[in-house]
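*Asks:* Swiss-Prot lists these features:
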SIGNAL    1-26  signal peptide
CARBOHYD  33  N-linked glycosylation site
CARBOHYD  148  N-linked glycosylation site
CARBOHYD  239  N-linked glycosylation site
DOMAIN    283-322  domain 'EGF-like'
DISULFID  287-299  disulfide bond
DISULFID  293-310  disulfide bond
CARBOHYD  303  N-linked glycosylation site
CARBOHYD  307  N-linked glycosylation site
DOMAIN    338-423  domain 'PAN'
CARBOHYD  342  N-linked glycosylation site
DISULFID  372-394  disulfide bond
DISULFID  376-382  disulfide bond
CARBOHYD  379  N-linked glycosylation site
CARBOHYD  389  N-linked glycosylation site
TRANSMEM  444-464  transmembrane segment
TOPO_DOM  465-872  topological domain 'Cytoplasmic'
DOMAIN    515-814  domain 'Protein kinase'
MOD_RES   656  phosphoserine
MOD_RES   673  phosphothreonine
MOD_RES   716  phosphoserine
MOD_RES   859  phosphoserine
């Protein structure tokens, strides 16, 4: 009996041990110095290492659809029963099955194991050390400190989905993936606007939540967030007490998820039994999806079956290789560059609609059709027009052309006619023949041409002989020069090994890719930039550097290897290089939205929304923080300005020209401020002989941030309100005046900060789509960045923390910002001189007395620094 009892006890212990071991691989908490990979946990829990307490959600490194043979893995949170991914971190940078997720006291990082220790994704700088990582019952990943206070949570950084209990706040968006097997950011997104939920394709609105037949508008209060509830979908206001727009769904406590699908639809699904059931989908008409039939594809909806069919408009055919509708005529083509000169327009006919005409205003009213065409012809980004006959309104289609929609039985849409912009190809027409009588002219022509041909042949032979002699003389000189050690021309790139060197291009390759450097898209102190296309149709930007200070190929390659090894989502990637003689060429990835300077200041395109500006500011700060503290070697950019902040898809900012200051020679470096046109962004220490540190970049970033807030250059014409307080025998009177003229915006921002009037600083084109608190946040960060003393400026890592809320906002120190008053005074004086010459108008502002206003220093070095840091 005793032995039987001991045997049962042993079996029970083994069973408990088995349960413990099997559950140990998936737990609710993990702690710092924890490393996970798909390979490590694939056998015990199919890649999961975190499991919520209710066992509804799991977290780990997974591949789309749970395919373990996939080459792309993502650190994700997944609904266990349905397999739905509700959040992923490294969606644009998948790792292999051996890639790791590392938890340290500094946060989470995802690393491609075996390739580099540079993370492909990481959490931002945190306010305090991490003590644990938790997966909640709602599917929220939390980083907790020693007091169990949340330092970071995945719900604040949604990807394409939100679930019960999660809030998608005003200005935040869900970005659909490229496809269901590719989690990379696609072209569609769902954005929470101030009055509605908006769906966008490549930044263009194409649908609103309240357009759905099941949507009910309950109030007109400004929207604060979108939420998924047990009873449906709702846009909420007034701290969650008022519903603005609601979509009622059957009450259920089951798992419910709202997702921006890769198909371009916004879908709400519920897990019922064993499957996900779609409860809501918008838009209901598939032909309202901008790219449902590809570029210029014509979508036709069958009302009976609710299925759409795709075709091409009349006089166009499908290019099967590219999936694009192109003209049938071989003499016509879609314009591929701004160089097209011979422009034609193909009429699409009546009843053909385009989504953007429902969401944008016409550029002009009361125009004849030819004038509408002329506007498009002069606009490089214009791809076509839609013309409304009754109102004679002109709508432009810019940047991207999506699918067309065939409209049936809708008289108001039959008034709109579309036209596609086309290029007329040049034909090599033969010159008209000579209509000779009797053929007697041939001997005459021969008698004239033969002596001339002989004469020119002798000249050509003489030139060839002279060139051969010149080449021989040049070769002998080159042989002497090449033998000198340290010469940039000497040595072959293969004679020494430098790890991390990017791809080397031949000069002829780049010459062909750029069509002999035909299309210049930029220029600056480092040289000109040209657009090019590689044989695989990858777009590139080629930068020519003609004056450099390097003395040998090995030194050049070492610097290029350092730049080429830098990988960050907010830094322009160096794809390769070419060295030919004294000429250096750098090959970068191409940014399709150009520079921030053109997007923000040109006024031609749509206005950057506040959330887009915030994202650009945050992304730029992250890129600079990585250069300053994330690289093996600290890199000071030295030239932070809107022209060097490029915008990729979805206006993702990428910093260019980093690391290039070492390639300048001493002569060009001494002309740094004038040659590169950056006066107004450079910190005062550039001229005062103080040490240059990464804080010089912080100053430049602060100036750029102020321009993001106002939407104009820091020195520009604008309206300004001035409050003046007068004291006459203890009778106080206050007046407010509004004047227009040249304004030095940093000084204006300082004045408005002291008075707490932040809304006067925001870009008026936003028309109130920004709150005072949002404007205050950016202005305070910017003013902290432009402190005169470098030691008082925050690091870029601290700036990122202030943006993300993990670090309290800094307080600008007035005593370190009084130099802006001196700059403003000098600017006003110079502007008045110009105004007297009839060149510009200036304005003098009343200034209220401030107790902390100190006298401006006017030493020689201080005034000299104004020439660099002051308004340009």
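Here the Cβ of each residue, glycine as well, is placed from N, Cα and C on the backbone.
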*Asks:* Taking Cα atoms as reference points, rank the recorded positions 148, 307, 389, 656 by distance from residue 287 (disulfide bond) and give the first.
*Replies:* 307
*Asks:* Compare the Cα of residue 299 (disulfide bond) against each of the recorded positions 148, 342, 394 and report the nearest.
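*Replies:* Among 148, 342, 394, 394.
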*Asks:* If I take the alpha carbons of residue 389 (N-linked glycosylation site) and residue 382 (disulfide bond), what is the distance between them in whole Å?
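*Replies:* Cα of residue 389 (N-linked glycosylation site) to Cα of residue 382 (disulfide bond) measures 20 Å after rounding.
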*Asks:* When you scan the chain for residues with a C-beta under 8 Å from the domain 'EGF-like' (283-322), skipping those not six or more beyond its ends, what do you find?
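*Replies:* Here the qualifying positions are 187, 199, 201-202, 204, 206-207, 211-213, 263-265, 328-329, 346, 348-349, 352, 355, 401-406, 408, 420.
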*Asks:* Report the DSSP secondary-structure composition of the domain 'EGF-like' (283-322) as helix, strand and coil residue counts.
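*Replies:* The breakdown for the domain 'EGF-like' (283-322) reads 3 helix, 14 strand, 23 coil.
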*Asks:* Going by DSSP, is residue 33 (N-linked glycosylation site) part of a helix, a strand, or coil?
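*Replies:* Looking at the DSSP assignment, residue 33 (N-linked glycosylation site) belongs to neither helix nor strand, so coil.
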*Asks:* Quick check on the disulfide-bonded residues 310, 382: which one has the highest count of other Cβ atoms within 10 Å of its Cβ?
*Replies:* 382
*Asks:* Can you grab the distance from residue 382 (disulfide bond) over to residue 372 (disulfide bond)? Cα atoms, rounded to a whole Å.
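*Replies:* Residue 382 (disulfide bond) and residue 372 (disulfide bond) have their Cα atoms 11 Å apart.
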*Asks:* Within 10 Å of the Cβ of residue 372 (disulfide bond), how many other Cβ atoms can you find? Include all protein chains, please.
*Replies:* 24
*Asks:* Three states by DSSP: which one describes residue 394 (disulfide bond)?
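*Replies:* Going by the DSSP assignment, residue 394 (disulfide bond) falls within a strand, counted as strand.
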*Asks:* If you count Cβ atoms within 10 Å of the Cβ of residue 299 (disulfide bond), leaving out that atom itself, what do you get?
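*Replies:* The Cβ of residue 299 (disulfide bond) has 23 Cβ neighbours within 10 Å.
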*Asks:* According to DSSP, collapsed to three classes, what secondary structure does residue 656 (phosphoserine) have?
*Replies:* coil
*Asks:* Given the recorded positions 239, 307, 310, 376, 379, which one's Cα is the least distant from that of residue 394 (disulfide bond)?
*Replies:* 376
*Asks:* Work out, from DSSP, the number of helix, strand and coil residues along the domain 'PAN' (338-423).
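*Replies:* Each residue of the domain 'PAN' (338-423) counted once, the result is 18 helix, 34 strand, 34 coil.
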*Asks:* Do you see any of the glycosylation sites 33, 148, 239 whose C-alpha is within 10 Å of residue 379 (N-linked glycosylation site), and which ones?
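*Replies:* Checking Cα-Cα distances against residue 379 (N-linked glycosylation site), none of the glycosylation sites falls within 10 Å.
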*Asks:* Of 33, 148, 239, 342, 379, which of the glycosylation sites has the most Cβ neighbours inside 10 Å?
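*Replies:* Selected residue: 379.
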